[in-house]
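For reference, TrEMBL has these:
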BINDING   B:D37, B:D82, B:D216  Mg(2+) 3 binding site
BINDING   B:D37, B:D82  Mg(2+) 4 binding site
BINDING   B:D54, B:D130  Mg(2+) 1 binding site
BINDING   B:D54, B:D82  Mg(2+) 2 binding site
BINDING   B:H61, B:D265, B:W324  substrate binding site
BINDING   B:G129, B:D130, B:R156, B:S218  ATP binding site
BINDING   B:D219  Mg(2+) 5 binding site
DOMAIN    B:36-148  domain 'PurM-like N-terminal'
DOMAIN    B:160-301  domain 'PurM-like C-terminal'
Protein chains: 2
Amino acid sequence: MSTRPSGTSDALPAEFGFIGRIFRPLAGEGALDLRDDAAVLTPPAGREMVMAVDAMVEGVHFLPDDPADTVGRKLLRCNLSDLAAMDATPLGYLLTVARPRHVAEPWFTAFADGLRADQGTYGLGLLGGDTTSTTGPLVLSLTIVGHVAPGCALRRTTARAGDGLWVTGTIGDGALGLLALRGQVPDPDHALATRYRLPCPRLGLGLHGIASAAMDVSDGLVQDAGHLARESGVGVVIEVDRVPLSDAARAAGPQWRETCLTGGDDYELLLAVPPEHEQALLARGRHHGVRMTRIGRFIDPAGSAGVQLRDAHGAEVKVAHTGWSHL
Amino acid sequence: MSTRPSGTSDALPAEFGFIGRIFRPLAGEGALDLRDDAAVLTPPAGREMVMAVDAMVEGVHFLPDDPADTVGRKLLRCNLSDLAAMDATPLGYLLTVARPRHVAEPWFTAFADGLRADQGTYGLGLLGGDTTSTTGPLVLSLTIVGHVAPGCALRRTTARAGDGLWVTGTIGDGALGLLALRGQVPDPDHALATRYRLPCPRLGLGLHGIASAAMDVSDGLVQDAGHLARESGVGVVIEVDRVPLSDAARAAGPQWRETCLTGGDDYELLLAVPPEHEQALLARGRHHGVRMTRIGRFIDPAGSAGVQLRDAHGAEVKVAHTGWSHL
């Protein structure tokens with residue numbers, strides 16, 4: 001902290017008005033109206049707590065001209081996707097904002113409007129936060145809090161050789177959406193840009209007892225499938241022609257197939273599912289209106305460790321890079 | 001996210017090595033070795049969860065040449081101070097790092113060493129995190145998680161007229177420490193600089209049933225006493241000559257008294273204590289070796305709302321500004 005003067009002796013510092021106007025309306029149960037040192041939360045009886053955190057930086061994770069309401073929602077949804085990957089239920093979130101002078105209050109009003117909309121959609125509230133100034137780009141950090149039945153959180157470490165590799169929804173729209181916003185990919189209906197700006201976390205599918213392992217696809221399908229295999233001590237084969245693409249991604253043309261496989265920002269779930277649970281998984285998908293596609297299989301690592309990509313004839317497919325790096 | 005290339009098809013992205021080297025050794029129980037989408041935490045039976053978050057920005061909250069090990073510890077201790085203000089017990093924390101290119105890995109090695117030392121001191125572990133790049137200054141955000149007996153969290157809203165205003169430890173050392181580091185205040189033993197860099201969160205005092213309200217002093221005594229009064233709907237009188245100063249602060253000279261009253265970074269506790277609990281409070285202080293000083297009283301707001309500062313003769317004392325603003 002610093003000891004620089006901040007006003008007259010009766011004035012409240014600027015951030016109190018800012019927090020009151022922008023963030024207090026978002027306060028959920030346990031937030032103590034954002035007036036106290038911390039939030040107090042009663043965990044649902046007999047449940048475990050699940051927590052994750054993600055940061056987004058202006059110019060790195062979102063574009064300066066992205067609509068402010070989608071920036072907050074995207075950050076929240078990325079975190080909700082981490083809960084979804086564990087089969088957990090959202091409860092609330094905490095938020096820090098490092099605010100540069102060039103981002104004025106109307107931007108934050110829209111940012112909060114987006115968060116408010118998603119709080120209603122996903123059933124959670126703001127529990128606490130901190131607002132500070134920065135000389136650099138806008139930095140947002142969001143901690144998500146959820147709950148899960150004891151011992152029922154899906155993990156990345158428990159895929160087994162013989163499990164099918166499944167994915168929810170379609171792959172590649174987020175990465176193509178970013179390229180569409182840069183004018184590099186046609187996107188007449190804005191379907192791709194919308195997916196880039198507003199991912200759909202796959203909450204509430206009820207996958208415990210069906211999937212043996214899970215994670216969300218955030219850094220690119222190939223890289224993330226590799227993580228799932230590596231953390232589980234098995235290999236994985238992706239049959240690239242089975243990877244489900246949206247109509248918009250298909251319309252972009254075959255030259256973008258590798259981008260779909262390796263680009264980030266999908267926020268779909270990657271699942272390891274034993275063959276005997278496939279029908280139950282498909283039933284879950286039908287019940288929730290979520291496409292479930294088997295795109296490969298986990299194999300004995302003695303045969304071949306890591307990720308292999310195969311075409312419909314079993315021939316190896318090479319990609320130039322595997323996905324997004326954060327550093 | 002972006003779709004920029006990040007390496008060859010077999011390489012792991014750079015942040016996996018970085019996280020493994022720097023942060024995995026800090027992982028606590030429930031962190032799943034930082035390998036999964038989220039942490040899973042079993043709340044202690046019958047306890048409420050307490051959560052708070054704070055961000056620190058290079059050049060705003062810490063100096064670029066502050067020792068890296070104290071930067072992490074200060075961030076952790078500021079958050080622990082929020083738990084202390086609620087009489088809560090620490091459990092773990094989540095951390096995001098927005099990392100500029102100019103901050104190299106050895107800085108983070110020292111940063112993590114500091115965190116590790118404090119994890120031992122305060123009995124908690126790292127639960128999760130996120131590391132990303134930024135074009136601006138280093139931004140750190142830390143979410144603290146603790147627990148408290150149901151209904152026993154101390155609040156800011158429950159001070160009553162007639163309660164004494166008490167403070168732990170000494171006031172002003174943090175603010176003077178910053179000035180000492182700038183060469184503006186003499187600090188022959190580095191006592192002030194040490195207090196600025198390493199506050200001492202007042203955890204474990206067991207103040208439930210003794211204090212009627214509490215908060216930590218982070219933005220300056222005068223401003224924070226005003227918050228406590230305002231949130232409780234009462235007025236407050238601070239008797240400035242009673243405010244406890246350290247030997248180092250006293251040695252700096254009387255011209256720095258106002259800085260002590262209004263500067264930030266104390267991380268002491270400000271307490272509202274009814275007269276009938278004063279002996280119990282003093283006994284707690286003796287038991288824990290923490291100085292407890294009555295520095296004023298809460299009054300009926302009809303008499304005078306807000307904060308009044310009085311000297312030993314009851315005359316009003318004016319200050320030019322009341323404390324730190326974050327925006």
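Positions of Cβ are set from backbone N, Cα and C atoms, glycine also.
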Let me know the largest Cα to Cα distance in Å among the ATP-binding residues B:G129, B:D130, B:R156, B:S218, as an integer.
32
Measuring Cα to Cα, how many angstrom lie between B:D37 (Mg(2+) 3 binding site) and B:D54 (Mg(2+) 1 binding site)?
22
According to DSSP, folded down to helix, strand and coil, what is the residue listed as 'Mg(2+) 5 binding site'?
coil
Around B:D54 (Mg(2+) 1 binding site), how many other C-beta atoms are within 10 angstroms of its C-beta?
23
Reduced DSSP assignment, B:D54 (Mg(2+) 1 binding site):
strand
Helix, strand and coil residues within the domain 'PurM-like C-terminal' (B:160-301) as assigned by DSSP
60 helix, 31 strand, 51 coil
Inside 10 Å of the Cβ of the residue listed as 'Mg(2+) 5 binding site', count up the other Cβ atoms and send me the figure.
25
Tally of helix, strand and coil residues over the domain 'PurM-like N-terminal' (B:36-148) according to DSSP?
36 helix, 45 strand, 32 coil
Top Cα neighbour of B:D82 (Mg(2+) 3 binding site) in the set of binding-site residues B:H61, B:S218, B:D219, B:D265:
B:S218
In sequence order, what residues of the same chain, 6+ apart, have a Cβ less than 8 Å from the Cβ of B:R156 (ATP binding site)?
B:A213, B:A214, B:M215, B:H227, B:L228, B:E231, B:S232
